[in-house]
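Novice: Input: one structure, supplied below.
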Amino acid sequence: MVSEKCVAAFFLLQLCWAGCGFCSKVLVWPCDMSHWLNLKTILEELGARGHEVTVLKYPSIIIDQSKRIPLHFENIPLLYEIETAENRLNEIANLAVNVIPNLSLWEAAKTLQDFFLQVTGDFESICRSVLYNQKFMDKLRDAQYDVVVIDPVVPCGELVAEVLQIPFVYTLRFSMGYYMEKHCGQLPIPLSYVPVVMSELTDNMTFTERVKNMMFSLLFEYWLQQYDFAFWDQFYSETLGRPTTFCKTVGKADIWLIRTYWDVEFPRPYLPNFEFVGGLHCKPAKPLPKEMEEFVQSSGEHGVVVFSLGSMVKNLTEEKANLIASVLAQIPQKVLWRYSGKKPATLGSNTRLFNWIPQNDLLGHPKTKAFITHGGTNGIYEAIYHGVPMVGVPMLGDQPHNIAHMEAKGAALKVSISTMTSTDLLSAVRAVINEPSYKENAMRLSRIHHDQPVKPLDRAVFWIEFVMRHKGAKHLRVAAHDLSWFQYHSLDVIGFLLLCVVTLTFIITKFCLFVCQKLYMKESKKMGNRKKKN
């Protein structure tokens with residue numbers, strides 16, 4: 001007779017199989033900092049559903065490897081030491097805030113070019129450390145992964161997938177100038193009403209703004225092709241042993257998970273293999289730590305203002321910090337400021353400094369009146385989720401783009417970090433808190449965000465699992481990938497039709513001339529005969 005323990009073990013095994021449904025292996029090519037915080041949410045959900053998730057890790061300080069996360073981390077054996085992602089991001093933040101505003105256009109372009117060349121060198125080291133390490137590649141190949149989830153900020157994830165012959169899924173906010181989405185993913189980007197990233201334009205553009213939008217697009221395309229993709233075209237061809245391009249490899253992505261949604265974006269065309277999953281990391285607020293809750297409650301009817309420039313900018317110049325502190329001291333609200341620098345001399349009694357704050361929980365607190373933010377996508381979506389109006393202090397990357405969108409939708413005001421005065425910042429903070437329209441618009445966006453048939457996180461996980469179940473999603477890939485640029489724009493058809501029109505016009509003209517000539521000759525002959533008779 002079978003023992004009770006054996007029966008229990010049998011049923012437990014059945015439950016495990018039933019709970020998993022199908023358990024697959026996921027390889028992850030991540031990016032660090034705020035990108036990782038977003039991607040981690042997807043990976044934790046995949047792990048919770050029984051999938052085996054392996055993250056390829058290079059030197060970083062943000063990627064959390066604690067045991068509570070159901071992920072496996074595989075360290076990349078680097079050929080030589082590279083700068084950490086945090087240091088690189090702090091460097092570009094310093095350039096954007098403190099250096100570039102004081103340079104001429106030419107000097108700024110040269111400074112940025114030098115910086116990005118250093119970053120490209122770091123990325124090349126990561127790529128070679130993986131792709132040219134046969135033992136490491138064999139280890140990945142033997143693991144038989146079902147999909148690669150890639151953040152394309154760091155190149156070569158798609159190259160690893162190509163070498164291993166594994167389908168891959170992208171997760172990104174955008175590429176510079178939408179270059180990858182447009183040229184590699186074939187996503188239509190009509191410049192007449194789709195503002196290019198970092199142009200700070202809306203979908204309602206004047207003629208001058210459309211010219212600016214076009215110039216931004218051309219500038220990004222020239223910059224990327226000349227100083228970035230040309231290098232990677234050569235590297236990808238060298239690695240694969242055949243002529244190819246970076247864009248051609250990127251274009252093989254099965255699904256593009258875009259970290260935005262129509263609450264932030266303006267309406268524009270998209271393709272069936274592009275899925276908008278903005279705000280997937282957002283969640284209901286949890287109770288605050290006791291000391292922080294007491295400080296928030298002490299604000300009374302005035303409420304609190306949350307101030308954070310994100311994980312990238314921990315310190316400001318002393319002058320800028322004193323300016324901000326003096327402004328915050330003039331408002332009746334209590335202020336929770338995430339700041340790691342020297343305590344400003346002008347700091348008011350209503351302001352408290354923190355090395356870290358539970359941002360989502362604070363934004364979800366009923367006493368929060370406004371959010372002063374750098375405009376990162378994660379923070380923007382947490383504010384939208386909880387319906388909190390914003391004062392944007394953008395610096396780089398997607399931040400100016402995000403704040404421009406929020407300002408156009410009436411949920412935020414923008415001030416410039418490099419040129420703002422105390423009057424500018426104070427006016428913006430007071431307006432966002434005291435004018436009802438900002439709160440109303442923030443709540444409207446919040447209702448739009450919450451009113452979705454399927455939650456963003458569930459959509460993201462569904463499409464990754466879809467790719468694993470079907471070994472790809474090539475049926476969603478448009479035929480534009482197989483067309484040349486002149487075929488895509490139907491220039492050959494237009495040329496053929498123009499040739500037909502010209503040919504037909506030529507034939508008709510010749511025929512008319514021939515008829516006219518015959519009639520003229522006939523009339524001339526009649527006139528000649530009449531003259532002879534006379």
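The backbone N, Cα and C atoms fix where each Cβ goes, and this holds for glycine too.
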Novice: Which residue among Lys57, Lys135, Lys409 does Swiss-Prot mark as N6-succinyllysine?
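Specialist: Comparing Lys57, Lys135, Lys409 with the record, Swiss-Prot tags Lys135 as N6-succinyllysine.
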Novice: Here are some residues: Asn204, Asn315. Which is flagged as N-linked glycosylation site in Swiss-Prot?
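Specialist: Looking at Swiss-Prot, the N-linked glycosylation site feature maps to Asn204.
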Novice: Please report the distance from the Cα of Lys135 (N6-succinyllysine) to the Cα of Asn102 (N-linked glycosylation site), rounded to the nearest angstrom.
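Specialist: Cα-Cα, rounded: 49 Å.
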Novice: List the Cα distance (Å, whole number) between Asn102 (N-linked glycosylation site) and Asn204 (N-linked glycosylation site).
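Specialist: Cα of Asn102 (N-linked glycosylation site) to Cα of Asn204 (N-linked glycosylation site) measures 31 Å after rounding.
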Novice: List the residues of the same chain that sit at least 6 positions away from Asn204 (N-linked glycosylation site) in sequence and have their Cβ under 8 Å from its Cβ, in sequence order, or write 'none'.
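Specialist: Listed in sequence order: Tyr193.
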